[in-house]
Amino acid sequence: MKTPSQTHVLGLAHPPLPMVRLAFIGLGNRGVLTLQRYLQIEGVEIKALCEIREGNLVKAQKILREAGYPQPDGYTGPDGWKRMCERDDIDLVFICTDWLTHTPMAVYSMEHGKHVAIEVPAAMTVEECWKLVDTAEKTRQHCMMLENCCYDPFALTTLNMAQQGAFGEITHVEGAYIHDLRSIYFADESKGGFHNHWGKKYSIEHTGNPYPTHGLGPVCQILNIHRGDRMNYLVSLSSLQAGMTEYARKNFGADSPEARQKYLLGDMNTTLIQTVKGKSIMIQYNVVTPRPYSRLHTVCGTKGFAQKYPVPSIALEPDAGSPLEGKALEEIMERYKHPFTATFGTEAHRRNLPNEMNYVMDCRLIYCLRNGLPLDMDVYDAAEWSCITELSEQSVLNGSIPVEIPDFTRGAWKKCHISRTSDLY
């Protein structure tokens with residue numbers, strides 16, 4: 001609930017931090033990968049690690065020692081993360097735990113004077129989204145969701161093109177998370193799988209789109225959501241569920257517990273969103289059918305079109321009927337190459353790092369904190385993109401009725417016209 005003295009945090013900036021002191025909660029697969037990434041980033045000091053499974057904590061500490069870094073303090077147990085967040089020598093807490101613990105950990109961290117960087121999605125319910133917003137506004141701490149797809153080179157190029165007017169007035173965008181994860185869902189956790197995993201459990205109990213942010217984040221940035229426009233309402237529809245059951249029958253037998261398991265989540269979810277200014281957004285989710293990986297990333301405007309999947313494609317007037325190919329496509333990509341790609345992305349290639357998106361996101365986050373700049377993604381992004389999980393489920397369960405999307409800025413979106421990232425480098 002908003003207090004009388006509470007104001008928005010659009011454009012929030014803090015004094016520069018010469019050295020950013022980090023702590024990590026959660027050292028499973030994703031958490032360890034994040035920790036290892038930050039060994040490549042200048043201007044950071046890893047102060048503390050927390051993991052409920054002590055074996056994972058010991059392995060993470062060993063990684064740092066073997067890389068030549070001081071061993072950070074370790075915390076474990078059900079309340080270890082709280083004790084770590086209560087320290088006064090930490091600037092930024094990374095939260096790489098299961099979905100259901102993201103919000104309470106972020107809220108506690110901010111209440112104890114820490115900036116937070118949360119793995120996706122930042123929250124699972126609208127109530128949790130409001131908790132993140134209210135806490136960030138009351139504490140004046142940064143709250144960033146780690147949506148790495150916003151730093152994809154093609155996404156950044158199309159963002160730059162949109163900001164320079166190359167697409168004309170943008171009327172429609174599309175995003176998705178389409179990724180065949182069936183083999184992972186049924187693999188044992190010791191082999192990196194999701195068998196008996198919280199993510200699989202969610203698909204048994206819920207429908208809608210549980211993982212909207214990879215597709216939604218980049219296209220919301222292109223539309224300048226909550227910076228002159230906002231998402232107004234959505235309608236959502238899910239197909240029947242068949243993919244998980246068929247896979248289980250084939251691999252475990254028709255009478256196996258895996259094949260008899262019921263899932264509420266349909267194979268394909270499609271969610272349509274309209275903004276206050278009348279622009280449309282389509283977001284899809286499908287992780288259980290045999291098809292190539294795709295996030296779509298489609299941009300449609302009055303002067304041109306772009307789409308990353310299945311192959312990068314850009315078409316501009318006066319020849320928009322045919323996509324640019326070969327050298328012509330390379331030239332337009334180079335012409336509109338985003339400064340983040342030109343700097344941090346080039347550095348990632350030079351150092352032969354495995355994931356350019358992650359490296360650019362990491363460098364950019366630390367760069368902003370060390371230079372006292374607003375972050376590229378704020379708490380309103382985290383709330384707006386994450387709330388689609390619950391709202392899409394509400395729509396699906398009620399015959400695809402329209403569901404209103406909250407204005408987490410409480411009207412401040414009308415007054416903020418800062419172009420995303422364009423004024424921050």
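Using the three backbone atoms N, Cα and C, a Cβ is placed for every residue, glycine included.
When the candidates TYR75, TYR108, TYR293 are compared with the substrate site entry in Swiss-Prot, which names TYR177, TYR211, PRO212, THR213, HIS214, the shared residue is TYR293. For PRO212 (substrate binding site), the nearest of the binding-site residues GLU51, HIS102, VAL120, TRP198 in terms of C-alpha separation is VAL120. Across the binding-site residues listed here (ASN29, THR213), the residue whose Cβ sits among the most other Cβ atoms within 10 Å is THR213.
If you check the binding-site residues ASN29, GLU51, LEU100, HIS102, TRP198 against TYR211 (substrate binding site), none has a Cα inside 10 Å of its Cα. The two recorded residues, THR213 (substrate binding site) and HIS102 (NAD(+) binding site), have Cα atoms 15 Å apart. Within the same chain, residues at least six positions away from LEU100 (NAD(+) binding site) with a Cβ under 8 Å of its Cβ are MET124, TRP198.
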